[in-house]
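Visitor: Below, the features straight out of Swiss-Prot:
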CARBOHYD  ASN8  N-linked glycosylation site
CARBOHYD  ASN26  N-linked glycosylation site
TRANSMEM  63-83  transmembrane segment
TRANSMEM  103-123  transmembrane segment
TRANSMEM  139-159  transmembrane segment
TRANSMEM  162-182  transmembrane segment
CARBOHYD  ASN189  N-linked glycosylation site
TRANSMEM  195-215  transmembrane segment
TRANSMEM  222-242  transmembrane segment
TRANSMEM  298-318  transmembrane segment
TRANSMEM  341-361  transmembrane segment
CARBOHYD  ASN367  N-linked glycosylation site
TRANSMEM  380-400  transmembrane segment
TRANSMEM  408-428  transmembrane segment
TRANSMEM  442-462  transmembrane segment
TRANSMEM  474-494  transmembrane segment
Amino acid sequence: MKGNEFRNQTQTTIKNELAEWSDNSNNSQVDYASNAPSGDHVLVDWDGPNDPKNPKNWPHSAFLIHTILVSMLCLAGNLATTMYAPGAAQLAVEFKTRDTTTIALTVSIYLLGFALAPMVTSPLSEVYGRLIVYHTSNIFFLGFNLACAFSSNIGMFIAFRFLAGCAGSAPMTVGGGTIADFAASPEKNNTALRLFALGPLLGPVIGPIVGGFVAENIGWRWTFRIMSIVIAVLSILSCIFLRETSAAAILGRRGARITKETGKPFMIPGPMPGMPPKPQQPTKEIVSRSLVRPMKMLIFLPQVLILSFYTAFVFGLIYLLFTTFPAVFEGQYGFSPGVSGLSYIGIGFGMVGALFLFNFINMKMSNRTDKHGQLIPESYLPLMTWFSPLLPIGFFWYGWSADKQTHWVVPILGTFFVGFGSFAIIMPTTAYLVYAQGPQGAASVLAASNMMRYVFAAFLPLAGQNMYDQLGLGWGNSLLGFLCVVLAPVPAIFQRYGHYLRERFPTEF
């Protein structure tokens with residue numbers, strides 16, 4: 001397979017996998033042999049190339065509506081990750097707790113839901129379709145956010161906060177697949193997927209800016225009430241405008257009717273071009289594969305384990321800062337809860353800058369192929385090698401400038417380098433893992449990487465405030481910077497020896 005062909009085939013997968021798109025999402029070119037027998041099975045396909053039930057034939061307005069709604073749902077789920085953070089101190093006073101670990105947990109436990117829930121929602125969307133996952137998760141997301149708003153003790157709050165994270169992660173899990181189901185032109189599809197990807201990028205930055213002023217003026221509970229209003233509006237719009245777009249689900253229901261009428265089992269087209277049709281798999285088998293295969297990759301593929309650990313550690317550091325910014329800027333600079341939310345702007349601009357640079361360099365360097373014409377996954381790693389040193393520089397800058405109480409803009413400028421350096425690591429690593437595993441392993445490797453990433457984001461922040469209390473802002477952030485320095489050679493090592501690890505430990509699950 002030539003490099004460009006491989007890249008085009010796999011690029012759909014990587015972008016869809018931003019939301020952990022399941023292995024069996026349909027992105028295939030069908031051969032329109034509807035109801036043609038195949039051995040003991042009936043092949044269920046579209047009724048010709050113009051079948052109106054096929055999302056690829058829906059009008060462009062449907063594509064726009066689904067893209068906007070799914071992107072808004074994804075943004076809402078990510079807004080909730082940190083929107084409440086500036087109000088955590090108010091919750092601590094109301095519930096009479098002074099334990100900094102518990103206070104940090106009220107923010108970060110939400111992300112544990114992002115780590116665990118996709119292992120269930122992804123296979124469920126494969127079996128029952130994407131639409132039911134959206135509607136069900138929206139209802140639970142609304143209910144659990146309201147439960148957070150009316151919690152009467154901290155234990156109840158933490159429990160409902162975790163469940164809200166489980167429900168809020170669903171649009172990220174299946175949203176990219178919804179956009180890809182339409183198979184619009186590459187330009188429109190890329191634009192839509194970039195819009196969808198802004199949710200995980202901007203949500204955690206915009207959330208505390210809004211939440212800070214809400215908490216300051218009307219209290220921390222209103223951050224959840226306002227979030228619930230947003231979710232309710234989006235849920236109503238979803239019920240009105242969203243339709244099932246998964247080809248596997250639509251054809252599966254058509255096949256179920258045929259099986260009921262004829263008694264014969266059915267098959268649907270393969271999930272990727274050139275793949276043979278396959279029979280409907282049992283739900284138990286699909287769920288088992290979604291749970292087991294990512295774990296096998298982490299255990300048996302050192303390249304997956306090492307890079308997943310690296311990005312998870314970096315991602316956890318970002319959320320350590322997110323959970324401690326209010327205490328740092330309120331304590332060191334006397335910011336109000338509302339103004340302290342603005343301290344997230346620096347890291348947000350850094351992330352956006354890294355995103356644009358990655359897209360630019362990606363276009364310049366991702367066409368590199370080996371002597372066999374195959375894409376070289378290591379071609380995505382130079383950005384990480386060049387800019388990963390910015391991460392420890394950012395921590396040293398932020399820590400000592402805040403410790404010495406220089407002008408508040410100086411530590412915020414330091415967080416810009418943290419945001420830039422962290423995303424200069426996370427994005428190339430994600431691309432490398434997906435292209436190194438190929439289309440058939442992309443879903444599982446991203447499920448494994450994302451699970452580890454959100455576990456670190458949930459638990460690493462718990463040590464943040466205690467670390468600052470013991471070491472101070474200067475040496476506390478220097479400790480984080482030194483750990484980043486220790487890990488800094490990882491990109492260069494994989495750029496040099498990544499091909500050897502891929503050959504020595506191939507994906508064979």
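Every residue, even glycine, has its Cβ placed from backbone N, Cα and C.
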Visitor: Out of 103-123, 195-215, 222-242, which stretch has the largest tally of CB pairs under 8 angstroms to the transmembrane segment (341-361)?
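Guide: The stretch I would name here is 195-215.
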Visitor: Is the count of Cβ pairs under 8 Å between the transmembrane segment (63-83) and the transmembrane segment (474-494), pairs 6 or more apart in sequence, 3 or more?
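Guide: By the criterion, they do not touch.
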Visitor: Hey, which bits of the same chain come close to the transmembrane segment (222-242), Cβ under 8 Å, at least six residues off its ends?
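Guide: For the transmembrane segment (222-242), the sequence-distant neighbours (Cβ-Cβ under 8 Å, at least 6 residues beyond its ends) are 65-66, 69-70, 72-73, 76, 79-80, 83-84, 87, 131, 134-135, 138-139, 141-142, 145-146, 148-149, 210-211, 214-215.
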Visitor: Quick check for me: are there 3+ Cβ pairs below 8 Å between the transmembrane segment (298-318) and the transmembrane segment (162-182), leaving out pairs under 6 residues apart?
Guide: no
Visitor: Who are the long-range neighbours of the transmembrane segment (380-400) in its own chain, taking Cβ under 8 Å and residues 6 or more past its ends?
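Guide: Distant Cβ neighbours of the transmembrane segment (380-400) are 314, 317, 321, 350, 354, 357-358, 361-362, 365-366, 410-411, 413-422, 424-425, 427-429, 431-432, 435, 473-478, 480-482, 484-485, 488, 491-492, 494-495, 498.
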Visitor: Quickly jot the same-chain residues contacting the transmembrane segment (442-462) by Cβ under 8 Å, restricted to those at least six beyond its ends, or write none.
Guide: 10, 13-14, 17, 20-23, 101, 104-105, 107-112, 114-116, 118-119, 122, 290, 293-295, 297-298, 304, 307-309, 311-313, 315-320, 322-324, 429-430, 433-434, 436, 509
